[in-house]
């Protein structure tokens with residue numbers, strides 16, 4: 001009889017809970033930082049210097065910063081600008097930044113605690129400089145672009161982004177990463193890649209590389225309403241490789257556009273077209289010979305022509321009710 005040694009199965013071993021890692025501490029302030037909350041704070045002074053240099057801040061400028069963290073970048077901005085507005089979701093970060101500014105003798109800082117997507121931007125600012133939290137990079141950029149359309153333009157924005165995100169933002173029509181965001185940026189601003197930043201420049205180190213870009217609004221600003229333009233891009237990029245004919249035959253798309261159209265007619269006192277709505281939409285595409293076009297391969301001129309055609313034949317189709325905007329918190333910049 002063959003006797004085998006008794007081997008305890010690893011499955012029978014009791015599972016040990018992993019020991020929680022102590023949070024990383026910021027070297028200058030001792031504040032604990034959390035990876036799960038996206039708190040990767042830039043500490044490389046050389047990178048901070050290059051960001052500030054690229055912003056080209058003038059003594060009369062007001063600067064807007066999203067996510068002050070412990071104030072490493074903020075403290076470099078304060079001696080250069082007339083006013084620095086900054087917002088962060090964590091009270092301890094805002095208090096630390098305020099304390100550092102006060103200790104340095106600076107009186108030109110206005111710092112708020114809140115969600116940058118819900119707190120209104122400053123009424124006017126000249127430059128936006130930020131190490132953007134990666135989870136809100138796209139919404140913040142859309143807010144900056146909308147500001148251009150509203151007639152209160154800024155001069156430049158120097159933003160640190162996740163490298164893969166920056167690649168998509170800077171992609172060209174026909175490339176794999178070309179998206180609604182890239183198209184909106186291309187219409188309203190000039191985007192330039194400045195330099196890449198390694199993970200070791202942050203505490204704690206993220207698992208990704210970063211890229212710093214510079215945005216400058218196009219002059220003159222395009223004569224389009226941002227909400228209308230973005231509504232058109234949302235529709236055609238929902239299935240970017242389908243033809244526009246297929247995109248605008250989708251029942252959910254037609255229902256949404258028809259609702260916009262009827263609401264616009266009601267608010268403006270305009271009599272709706274006698275043509276059935278699907279035919280009205282199809283006639284716009286035929287008029288511009290765009291039935292077989294595909295979103296990923298269209299350039300700005302094509303899309304601009306399409307938007308104008310909708311405004312001529314079915315004005316209001318792409319206009320959404322103003323009540324769609326997010327509710328704002330009570331706090332706001334002066």
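From the backbone N, Cα and C atoms, a Cβ is placed for every residue, glycine too.
Since this is a predicted model, take the numbers as computed values, not measurements.
Taken verbatim from TrEMBL:
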- 40, 42, 67, 88, 115, 131: S-adenosyl-L-methionine binding site (BINDING)
- 47-219: domain 'Ribosomal RNA adenine methylase transferase N-terminal' (DOMAIN)
**Study point:** Rounded mean pLDDT for the residues that make up the domain 'Ribosomal RNA adenine methylase transferase N-terminal' (47-219)
**Key:** 93
Point to revise | Sparsest-packed of the listed binding-site residues (88, 115) - C-beta count within 10 angstroms | key: 115
Check your understanding: What whole-number distance in angstrom separates the two most remote CA atoms of the S-adenosyl-L-methionine-binding residues 40, 42, 67, 88, 115, 131?
Key -> 20
**Study point:** Packing count at residue 42 (S-adenosyl-L-methionine binding site) (other Cβ atoms within 10 Å of its Cβ)
**Key:** 20
Exercise for review: For residue 67 (S-adenosyl-L-methionine binding site), just count the other CB atoms lying within 10 A of its CB, please.
Suggested key: 24
